[in-house]
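Okay, structure first, notes after.
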Amino acid sequence: MLRASASGAKCAVKLIVPLHRGFIVRSDIIPLRLRDSEYVESAVSFAEPLQTYSGKKVAISSRSDLTTYFAAAAAGLILRQGSTHASDAGSQALFQMVESDLANRLSFPWIQPGTPRRRTLALVDANSSHPQDGLGFYRAARELGINVVVLENAGHWLEDPAQAHWREAFIPTRLTNPPEEDVGDHILASLRAYGKPVDGIVTFADSFWYYIARIAHEIGVETAPPDSMRIATNKFLTSKYVGHDAYLASNVDEALRIAKEVALPYPLIVKPCDGWSSEGVSRVESPDAFPAAVKSIDTSRHGTEFVMEPYCDGPEVDVNLVLLDGEVLFAEICDDLPKSADVNGLTVGSLTNFHELYSVYPSALPSKELELLIHSFVDTLLRLGIRNGVMHLEGRVQNSSMEYREQNRMMHLQPRAPQATRPEPSAWLIEINPRPLGMTGSHIIESTYGIDYWGLAAVLGVGDKDRARALSQPYRDGPQYTCVMVFIPADFPPSSQGIFDTDDICADLLARRPDLAQHISRCATLVRRGQKVAHPTTGRHTFLAYFNVFSRAGREEALDLARQVREEVRYSFL
């Protein structure tokens, strides 16, 4: 089908008409699954949340009867036409390639049988500090037809009636982090004040899960056992549970005494029990390094208790799992390249911490080691009684057959030299997060595999098992490319004021390097000019920006493009 564009040039359009009877799994599913398609310039959904379709073929009176076409369509596509597609033969070839691409991306039950039912999900902690941040979950819930009841402190921007389109209700609820012991009572009181049943309750702030699990039965919903959530969200308890030689301390003197009494082998990792974003995580090489490591923990955010445990120098990974009744619906693993504080880390500015620098999707570890990680981590979750949800776990492969080596100013996974005495590889769990990985991190899964973790968290949260199974199915042919998330952490001299003095990091780079721009799926600048940013030595980690950089040619090109993006970033601080 052809239509005239605004410039007078012709372009090809394709409409997607459902031929199965039922309701759409989420209203934006077709644009979501077609992101970064080589053949689609833009995709627009015509569907409403939970919209039903008859599944009948379209009967038209003439080729010009566009109204009937559009009325039946769930979405429309404008195809990407190059010079080779200008002729009729070229257009036919384009349509054939599009059909093949659609078969890859839409070969799953995106039309669900039966009658849809709108469900309600309670969310503890809004997970969004301002209207321009962290809306992915709310957008997903809206497209899924799930009502969200937000429990958050009074005065949050979501309480504003002008923002009511993002939620069903806002219930002012006293929340502190770290939580107060009676926070469960506050949550229960708020849900009773809401006065209507909910189909589920979730949080994306890990420290609240234990308290939610304690009161869940009183509102008629199921979660993992409270003690299990306590272990999963406390890094000391997690380490002890999986058998690490871990110790708990609250100050430097206590840490030094323990290290001496039990003769802990250096290097050690010191990290807060209730931490996030790798804040306050240090590698300690000797007793003299303890004071600086403990000082780097922001106790106002993470509390005073910290873990001491052996440092594992194997390749680091993120393992993301979708669980339903103990079954793994989807699993993927990415490589976290060595950080500045790793023994083999790259030098990036003045950073000497565990701030993320690069994450590469999918992992290049051997399939045997990938299977080992998934089997080990799933076994840990199931032994804890955690059987449902989107899980983000971090770990390493101890005694891996691979190691990182620097090549062309970038770290590459390479086979290690064979050793007859090397132990077999084993999975080393760093932490469990009973939630999806961060919002920006989840975007890369969406574009690489076609799966939105935040939408899955919503449908699993309300117990919608059929939609969870459908939305857990990746592209039929696997990841569409290799993608690298390039993190741009705050880095500036400690003597400066820490005032960000740049406009838009991403817009600047895209304008200067259009050759790199065509390999960037998503990017965002996360701070604004004039904003005061904490220095990394304070224990706070701030991302200035991120870029999701992809290559269809393979991992080596993706890593080189990622290196170029980092080197081209420009910013300044006052």
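The backbone N, Cα and C atoms fix where each Cβ goes, and this holds for glycine too.
Owing to the predicted nature of the structure, the values given are computational and were not obtained by experimental measurement.
Here is what Swiss-Prot says about this protein:
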- 234-462: domain 'ATP-grasp' (DOMAIN)
- 263-318: ATP binding site (BINDING)
- E394, E431: Mn(2+) 1 binding site (BINDING)
- E394, E431: Mg(2+) 1 binding site (BINDING)
- E431, N433: Mg(2+) 2 binding site (BINDING)
- E431, N433: Mn(2+) 2 binding site (BINDING)
Cα-nearest neighbour of P291 (ATP binding site) within the listed binding-site residues, E394, E431, N433: E431
Binding-site residues: A263, V270, V284, C312 - member with fewest neighbouring CB atoms within 10 Å: A263
Number of other Cβ atoms within 10 Å of the Cβ of E305 (ATP binding site) across all protein chains: 18
C-alpha spacing of V270 (ATP binding site) relative to E394 (Mn(2+) 1 binding site), in angstrom: 16
Among S277, N433, which are binding-site residues, the residue with the most C-beta atoms within 10 angstroms of its C-beta: N433
Count of other CB atoms lying within 10 Å of the CB belonging to E431 (Mn(2+) 1 binding site): 21
Distance, V284 (ATP binding site) to E431 (Mn(2+) 1 binding site) (CA atoms, angstrom): 19
Structural state of V270 (ATP binding site), classified by DSSP into three states: strand
Cα distance (Å, whole number) from N433 (Mg(2+) 2 binding site) to C312 (ATP binding site): 19
Chain-internal residues, separated by at least six, CB under 8 A from D298 (ATP binding site): E279, G280, T538, G539, R540
Proximal residue to N433 (Mg(2+) 2 binding site) among binding-site residues A263, V270, S277, V284, E305 (C-alpha distance): S277
DSSP three-state assignment (helix, strand or coil) for A263 (ATP binding site): coil
